[in-house]
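Here is the structure we will look at, set down as C-alpha cells.
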Amino acid sequence: MNSPHSPILCVITDEDTSPLDMVPRALRGGANMIQLRRKTASGRELCRLAEALIPFCRQAGALFIINDRADIALATDADGVHLGQDDLPVAAARQLFGPGKIIGASTSSVDEALKAERNGADYAGFGHIFPTGSKAKGYKPLGPEAISLAAAALRIPLIAIGGITRENAGPLISRGAAGIAVISAVTKAESPEEAARSLMAIMNTTRAGEGT
C-alpha cells in the first residue's frame, strides 16, 4: 500500500449504528476506506455484513477492511484486515495472506509503528491523538506532535485516529499523516454523507495548500 495520492478517510463502523445504512452514505461523501468493526458480532454475522457491504465499496472504489478477524477477511475476499496489539501478529497475518491483501496495525508509539512496518504492515493506525470516548484507552492522548515524529520515521502510510473532528483534522495532514480514521465524527453525524464530505474536503484543502 503506497502513500495514496488522495488523503485516506477511513470510516470505522460502531456498535450502535447500522452499517448497512451508514456505510453507503459515508461512501457517497467520499470515504475511501471502510473498516467493519463489530466486537460483539458472531463470525456468521460479520460474514453477512461484509458480503452486504463489499459491493458498495467496490462500486465506490473504496477499500473494505475487517477489524481483527483475518479469517473473515479471507472468507469474504475483503481488501484486508486491521489488527490490534492483542490480535493475530502482523507477521503471522502476512504469512496467511501473502502479498495480495492489506494489513493495517493499531499502534500507539513510534516503536510499535516501526515494528508493524518491519513485520509487513501496509499502514499504521496511530493514536489516539486526541481524547476520545469511542474506545477505552489506558494511556493519555499522544497529541498531534507525535504524528510528525512517526511520519518521519515510517515508510508506510500513517493513519491518525482518536478524537478527530473537522476542527482538528487538517493539522494532522500537515504533520505528515496520510489520512484519518474516524468513528463518531461520521457515524454519529446527522448526515454521515455530509460529515465525510467535509472531512475529505478539509484534508484535500490542506494538501493542496502544501502543494502535495
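Every residue, even glycine, has its Cβ placed from backbone N, Cα and C.
Cβ neighbour count for Gln35 (4-amino-2-methyl-5-(diphosphooxymethyl)pyrimidine binding site): 22 (other Cβ atoms within 10 Å of its Cβ, all protein chains included). The 4-amino-2-methyl-5-(diphosphooxymethyl)pyrimidine binding site annotation in Swiss-Prot covers Gln35, Leu36, Arg37, Arg38, Lys39, Asn67, Ser106, Lys135.
DSSP gives Asp68 (Mg(2+) binding site) a coil state; it is part of no helix or strand. Taken from Swiss-Prot, the feature Mg(2+) binding site applies to Asp68, Asp87.
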Between Lys39 (4-amino-2-methyl-5-(diphosphooxymethyl)pyrimidine binding site) and Asp87 (Mg(2+) binding site), how far is it from one CA atom to the other, in Å?
12
Find, among the binding-site residues listed as Arg38, Lys39, Asn67, Asp68, Ser106, the one whose Cβ has the highest number of other Cβ atoms within 10 Å in the structure shown.
Ser106
Take the C-alpha atoms of Arg37 (4-amino-2-methyl-5-(diphosphooxymethyl)pyrimidine binding site) and Asp87 (Mg(2+) binding site) and report the distance between them in angstrom, rounded.
13
Cα-to-Cα gap, Leu36 (4-amino-2-methyl-5-(diphosphooxymethyl)pyrimidine binding site) vs Asp68 (Mg(2+) binding site), nearest whole Å:
9
Report, in whole Å, the straight Cα-to-Cα distance of Asp68 (Mg(2+) binding site) from Ser106 (4-amino-2-methyl-5-(diphosphooxymethyl)pyrimidine binding site).
10
Return the single residue from the binding-site residues list (Leu36, Arg37, Asp87) that has the minimum number of other CB atoms within 10 Å.
Asp87
